[in-house]
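Okay, structure first, notes after.
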Amino acid sequence: METLNETFIKIFNEKPESAYFAPGRINLIGEHTDYNGGNVFPCAISYGTYGVVKAREDRLVRLYSMNFPDLGIKEFSLDDLTYKEADNWANYPKGMIGYLYDLVDNKEAVTGFDVVIFGDIPNGAGLSSSASIELLTGVIVEDLWQLTLDRVELVKLGQKVENHFIGVNSGIMDQFAIGMGQKDQAILLDCHTLNYEMVPVHLENEKILIMNTNKRRELADSKYNERRAECDEALRRLQTVTDIQALGELSLAQFDELKAVIKDDTLEKRARHAVAENQRTLEAKQALEANDLQTFGELLNASHQSLRDDYEVTGQELDTIVALTQAQNGVIGARMTGAGFGGCAIALVKEDKLPEIIQAVGKAYQEKIGYEADFYVASIADGAKKID
Ligand code: GLA
């Protein structure tokens, strides 16, 4: 916080007035199910994005990110909130400001602000640094303009930024986890109805290990949109024989009965993942509640396998780190987390074995892939908020 305040003074020649934080997220299980109307099981983590802010008297917004010092100050007016390539990372806050501005009745009454941002989520690691910036901007603007928005509405605006401003057809999971997260709770979210349940995560002798492959998620956005389109097409074909609105409505047994109508191996695999993963997610939530970590871990492993073989979103780096981890003594289960194509995996591990696991996996990964992985221990944290 001190560095953020000092940077603000250096960049804007004034002191900031208020501070905010939005977390990143991990998803325990339920991958690529959100846009298929299925369940997800994410939680907010203590790594995230900080912002220190001072309101302005005019209509300018000026943003500076300590993560991209070379890009300098990004600046725009409330009177032109359109997407611009040159705004780079600042398009995420810009989109959010724009959608919130649309909701303001007296548009002359609101003013811009200066903000310095710093994120300790590794960029491109699949821990949702973009949704974190969206929700950070959301809580800042909500506070400065004194908007009273239902939190789920703010979450939906974050998704709208991704879908319509940035152009990634992502589901609601990331923004929901980051907006609604609570310390030591995972969120079982039904993405079709948005009904959700907070599930306490009380691990006595275990930790959640985050492993960053350091493989950038290149092509992730275009591949992501492609997977989504494949699922939509599989759904469309299934709808010719059954009355469903989303793949998430089917059990695996129902899917097996109907799947012949899909008539395309790739589309069938994509849909099978979505259906099976949804079922695994519900089972995993029950296993966690029953403190049956063995079953929970097996479901994590099965999730990775399905993402590798049926959904094909893992790649060499994620497969390597997950296989190496699964082979270690003290590992209960491991899988990729987030969109895939690089980024992070998570593992549930025995706390007393943590150092050995990190050491062994780190060394073997470096040998196989040629560069290092990074390791973090996740603590489950609160959602986006103003901080004192
Ligand atoms: C990304 C998207 C989410 C979700 C995951 C995969 O993180 O933003 O909406 O689809 O991928 O589960």
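In case you wondered, yes, glycine gets a Cβ from its N, Cα and C as well.
Matching Tyr196, Tyr224, Tyr365 to the substrate binding residues that TrEMBL gives (Glu31, His32, Thr33, Asp34) identifies Tyr224. Among the recorded positions Ala125, Ser129, Asp174, the residues whose Cβ sits under 6 Å from any atom of ligand 1 are Asp174. Comparing local CB density within 10 A for the recorded positions Glu162, Asp174, the maximum falls on Asp174. In the three-state DSSP reading, Gly124 (ATP binding site) counts as coil. Distance from the CA of Asp174 (active site, proton acceptor) to the CA of Gly124 (ATP binding site) is 14 Å.
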